[in-house]
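According to TrEMBL, the protein carries these features:
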DOMAIN    1-456  domain 'Amino acid permease/ SLC12A'
TRANSMEM  29-55  transmembrane segment
TRANSMEM  80-103  transmembrane segment
TRANSMEM  109-127  transmembrane segment
TRANSMEM  134-154  transmembrane segment
TRANSMEM  190-210  transmembrane segment
TRANSMEM  230-249  transmembrane segment
TRANSMEM  269-288  transmembrane segment
TRANSMEM  327-347  transmembrane segment
TRANSMEM  359-380  transmembrane segment
TRANSMEM  401-422  transmembrane segment
TRANSMEM  434-454  transmembrane segment
Amino acid sequence: MISIGGVIGTGLFVGTANSLSYGGPIGLLLGYIVMGTIVYCVMISLGEMVAYLPIPGGHIKLAERFVDPAFSFAMGWNYWYDWAIGSPAEISAAALLINYWNYTVNDSVWVVICLAVVVAINTLGAGAYGEAEFIFASIKVITITGLIILGIIIDLGGGPNRDRIGFRYWKNPGPFVQYNGIQGAKGRFLGWWAVLIQAAFSFIGTEIVAIAAGEAKNPRHTLPKAIRRVYIRILLFYIGGTLIIGLLVPSNNPLLVLNSGTAQSPFVIAIETAGIKFLPSIINACLLTSAWSNSSSSLYTASRAIHGLAASGNAPKIFLKTTRNGLPYVAVLFTAIFSFLAFMAVSKGAGSVFNWLSNMTSVAGLMTWFGISVTYLRFYKGMQVQGIDRKTLPYYTNLQPYAAWWGVVSTITICFFSGWNVFLEGNWSTATFVTNYVLFITWPILYFGARLYYGTKPIAAADMDFKRDIAEIVADSYEEPPPKNKIEAFWQWLM
């Protein structure tokens, strides 16, 4: 349930508001489809590696083994940064959602409350986090499934206002938006491109299965199954969700602009427009739990990432300190400090801060996918040089190495052009430029700095280690027991 619901969050529920206003219904849908192909290619690349070597540290440790220790260093710090910034992004989104009920209370109140809940969950340990995340994930899965079904009903005229919408908004105001008033194909293309960076924010986190690989039961059997289910989640939740949003809300609705001060989730806008009473508040409350959930997950993952960096000698040893129960309290508290960035919402507005922080998270996440794809290409080359047949692996696909190359080229291209809109005439924004490019510039500094400091060099394909840890992994593998009844069979298929 955590793996299914963990990646559903404010990117889909809230961030799609900006995307719809930028790209229109078709631009939104195509943006998510393209990003879905990137995610799928990254995940099958990652799945092949972690199913063969489900080791603690996931893709970060795999980069150390198949690329270069300095590359692993850069990936590790990038991954920590990605999740550390994700927490305040989600908290600012929570403040934005609460503003639906009350605009008069200062955002700092909501930030303090949300931050207290998130830190409390994480300081109570993995048990409390797991229980809370299971509940939050269940709410998210039920909410998005219910919203898609309700959206179909509303679109077909089943709402209280009996308005059969159909594809009305695909005709007027139209399938695409002329971005920034730029006419013709160029304006439509730029509108679609503006969707991509926000779509990346929605998908960030799908790779967390690799981090869990070292702790998963029977990973050589369970991980391939999880990877094969990725496309179902992409199609059902993301493509289905964005399709419904584009049908129900016109792209020129002023409530879609997140930095307007009156922004709402597209789903809430659609339900209000349909004339359904009380339900908008219930849905908004469910979306609020999603923001809490994702902020809690971000803090949990980031704290474990920096603890792992310390264990590898890539971060100060103080982050190794734990309580008697194994809670890395120094790592948790240090990472929680960065959640205070959410207080920028007090002066700049929750919508603007959410945009800035989600941009930073998106670029960091895309660079993580770039690192995974590069690692796979080296893994693939090592297999070739050492004469290992990939068909003997627990999981493989015939799409390689083309899928990994698509991951490499697409992620680096999107990152490079992520802040293009600030270069349009009269559109310069220092905050947008910095939040889009600070990590993109930092990555090569981390990598080449680590190479100089540690004196490392890329690992030759012939020298790659494909045998270490394999005996223990094979010994821990076992055949899954067959389902006892139809309910168990369905659950095994779903999970």
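Positions of Cβ are set from backbone N, Cα and C atoms, glycine also.
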What parts of the chain pack near the transmembrane segment (109-127), using Cβ distances under 8 Å and only residues at least 6 beyond its ends?
87, 91-92, 94-95, 98-99, 291-292, 295-296, 299-300, 303, 325-327, 329, 332, 336, 339-340, 342-343, 345-346
Per the Cβ filter (under 8 Å) with a sequence gap of at least 6 from its ends, the transmembrane segment (359-380) is approached by 38-39, 41-42, 45-46, 48-49, 59, 62-63, 66-67, 71, 74-75, 78-79, 81-82, 85-86, 89, 197-198, 200-201, 203-205, 207, 210, 390, 400-401, 404-405, 407-408, 411-412, 414-415, 418-419, 432, 435-440, 443, 459, 461, 464
Residues of the parent chain within Cβ reach of the transmembrane segment (269-288), under 8 Å, 6 or more residues beyond its termini
10, 13-14, 94, 97-98, 100-101, 139-140, 143, 147, 150-151, 154, 159-161, 163, 245, 248-249, 253, 255-256
Residue numbers, six or more beyond the limits of the transmembrane segment (230-249), whose CB comes under 8 Å of its CB atoms
4, 7-8, 12, 16, 19-20, 24-26, 28-29, 32-33, 36, 39-40, 43-44, 144, 147-148, 151-152, 154-155, 165-167, 169-170, 202-203, 206, 256, 266-267, 269-270, 273-274
Thinking of Cβ pairs under 8 Å, which stretch from 80-103, 134-154, 327-347 has the most of them with the transmembrane segment (190-210)?
80-103
Counting only residues 6+ away from its ends, which parts of the chain sit with a Cβ under 8 Å from the transmembrane segment (80-103)?
9-10, 14, 110-111, 114-115, 118, 201, 204, 258, 261-265, 268, 280-281, 284, 287-288, 291-292, 294-295, 298-299, 301-302, 305-306, 309, 335-336, 338-342, 344-345, 350-351, 353-354, 357-358, 360-361, 364-365, 367-368, 439, 442
